[in-house]
Amino acid sequence: SLSKLQLKTGDLDPRLFSRLRHLQKLDLSDNLLDKFPNSLTLPDLRVLNCNNNKLEDVTALKQFPLLEELTYENNVYLTLNDDYKVIFLLQNLRLLNGKDITKLANHVRHVNSRKLTSKVTAHWEKFFRDQLPEKYTAEQVMSIKNNFLKSVQTNVVYGPSSLSEFTRWRVKMIAEEFLAQSLGVELNSDTEPEEKDENEEESTESPREAAEDVAQVVHIYDPLVTVTPVKRKRNHSKSSPGNKRSKTQANTKEKAAEDVSAEPLHFLQCHSKGNSREDFKTQLWSCVFEPVLDSGARKDPIVSSSRTVATCGGESVCLIDCETGTVLKKYKVATEEFFSVAWTTLTMVISDSHKKAHNILAAAGRRGIVKLIHVAADFCYGEIKAHKKPIATICFSPTQETHLFTASYDKRIALWDIGIPDCDYNFKSSQLLVLETASIPLRIALVPTCPEQYLLAGCENGCFAWNIKLDKGQKSRPFEAIFQFPGEESMTTSHRVDGLAFLNDDVVVSKSSKPGCIYLWSWSKSFDAKGKGCQRTMSAVILAELEWSTTDMSYLTLSTCPAKEYVFCGDEKGSVWMYNLSNYTTAWGSPKGKRSERRISPTQILQWPELRVNGEQPPEILVNNVVADPAFSYLVVLTSVNITAIWKKS
C-alpha cells in the first residue's frame, strides 16, 4: 500500500518497481499521479487501486496484462472513453470500478472490433486501393498510409457520439494493423501514449447509457443518414463520389476584393429534441470558440489555434471539433431552451497549493438560469438563478474572469461575480450591478478600450450605453446614452438592433431593422464621455454602410474577426456574407476619419449547398448566427433547421 503519500508520477521509480516480480496487489490511491511510467514491469500484478489521483491517460496500463481488478474513481480527467480503452487493452480484466464488465468486455473486444474492422476495410477498398500502383516505392506507401489514416479516422463513425474518442483510437489501431498486413510493411506507430487534449474528452455516461444513445451527428459521409450537397446550377465545380465538398464561387463586385477560398467541411444535426433524426425545427442560436489554454502539452499544431466550438440550441449544448466534425461532449437539460453560451478561464485550486487553469462554459436560455460547466471534468457544477424571464445573451468580461453579464427579457442586464469553485466545487456567486433597459436587450458588447467602464447593448428599441464602473455606489443604473442612426427620412433612435460587435478597439458594427444595411460607426467619435447626466441622445458617427440582404427578417445576427478585420452575417437563404475591411480601417482610424461614400459590397457570399437529407431538401434555411475562430481557420454557421455547418478556409 502506497496510499496517501502525495506521490507524483516521477516518484514511481522503474528501477525499484521492476524488481517486484511477484507483486499482485498495489494501492496507489489518494496521491497526485497524472500518468503511469511505461516501464514499471509488474508482471504478476492482479489488483490495482488508483482512486483519487489526477490521471489523464490509461493506455500505459497495458503493461499489466494479468490485471483482473482495476479502480480509478475520482480521477476527474478520465471519461467513458478511457473505460473502453482499458477494457480493450486488458484482456483479463473482470472488475472495473467495482462493476462486473464481462458482458461489456465481450462487446468492446469482439463485436465493436469486428464492426470497425469491416468499416476500415470498406473505406480502403472504396477510396484508396486503386491509388496504389502495382510496383510501389516506400515513399508512395508512406504517402498513402498517412492519407488513409487521416481519412479513416475522420470518416469512420460508429456508436454514440459520447464514445467518438475511443472509436477514433481503435480505428487508428485497426487501420495500422490492416496496412501492415495488406502492404506487407510494418508501420511505425508511437509507443508512447498520446497526451490527451482536455477538450477531446467525452461526456461521462454509464456504458448502458452510452449504448442506448442515438448517433446525433449527420455527416455528409454518414451511411445511415445521407446529407448530400447538390451542385448549384451557377456553380461549375464537379462533384466526385470520393469528394462531396465543392468550393464556393466568389460573388464580389469590387476589383480589390479577394476571393476567400472556403469549403463546406461538415453538416451536423446534433441538437435534436429527444435525439430525433427527423428534427429540422430546433433553432440554433449561439456559438463561441473555446479559449486556448497555455498548457504547452498539445502535439497537434492545428489545436494550438482553437478548433473546439461550443454551440447551443433547443435543450442541448454541444462541444464540436471543427476539423473532424466530432461532437466531443453534449449537455442536456430537458426543460430548457438554450439561447447563449460564453467561455471563461479560471485558475482553480484542485488540491493543496496545486493551481491550474481550466475553461468554464456558461450556458443560459429560456428558464433564466445560468449553468456553469467545468468542461474537462464533464461536470455541471452549479447554476445561478439570474432572472425570472428568459436570458437572451451572456458574455464574460475580458479583464475580470469571474464577471458575467446576463441580458434578459425582463429588460435588465445584470453583472454577476460567479466566484471560483474550490476542490469540492463549492462556489459563491453575487450580483454586482443591474442595468435598466427601456426594451429587451438582444446583443451586448463591452467597449474594448475600457471594458470595465462601458457596456453597449443592441435592444428591441434602440442602441444604448451604460457606465458599468463598480466604484460608483449606485447598484441599479439607467442607460447613459442612446444612439441615433439615419432613418428613412431623418435620424432616429427607435429601431431594433439585433446585431452588435466591435471590429477593432473603436469601430462598432451594428445591424438594425433597416433592411439591407449594416452600419459601421466610431465609438470614440460618437460617445461624449465628458458630458454629464444620464439618458443623453448621441448621434452615431457613421463610417460606412455594408450592403446586405434586403430581408426584413429579424434576429439574424452578425459577428466579427478582429485579428483578420472581417465581418460576417448570414441571411434568410442560408448564405453567409463576408466583408474584408482591412483596406478601410486605417482611413477610418485617422483623426479626420472619412466616411466611405458608397455602400461596401461583400468580399464574398458563401452560398448554402443544396443538402439532401434522406433524399429530401430541408425547409427554408435562416442563418441565425455565424462565427469564425480568432485565426479565421473555420467558420461555424448556425441555422433555423437544426443544422450546424462548418466551413474551412482553404
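Cβ atoms are placed via backbone N, Cα and C, with glycine included.
Annotation source TrEMBL lists compositional bias 'Acidic residues' at 189-204.
Look at TrEMBL and you will find 238-251 tagged as compositional bias 'Polar residues'.
Annotated domain 'Leucine-rich repeat and WD repeat-containing protein 1 LRR' per TrEMBL: 2-174, in sequence order.
As annotated by TrEMBL, domain 'Leucine-rich repeat and WD repeat-containing protein 1 WD' applies to 261-649.
Feature annotation from TrEMBL assigns region 'Disordered' to 185-213 (among others).
The feature region 'Disordered' is assigned by TrEMBL to 229-260 (among others).
Model confidence over the repeat 'WD' (384-418) stands at 96, taken as the mean pLDDT rounded to a whole number. Among the features that TrEMBL reports, repeat 'WD' is placed at 384-418.
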Checking distant contacts: for the repeat 'WD' (384-418), what same-chain residues at least six beyond its ends satisfy Cβ-Cβ under 8 A? 286, 339-346, 360, 362, 364-370, 372, 427, 429-446, 448, 451-452, 455, 457, 466, 468
Per DSSP, the repeat 'WD' (384-418) contains 0 helix, 20 strand, 15 coil
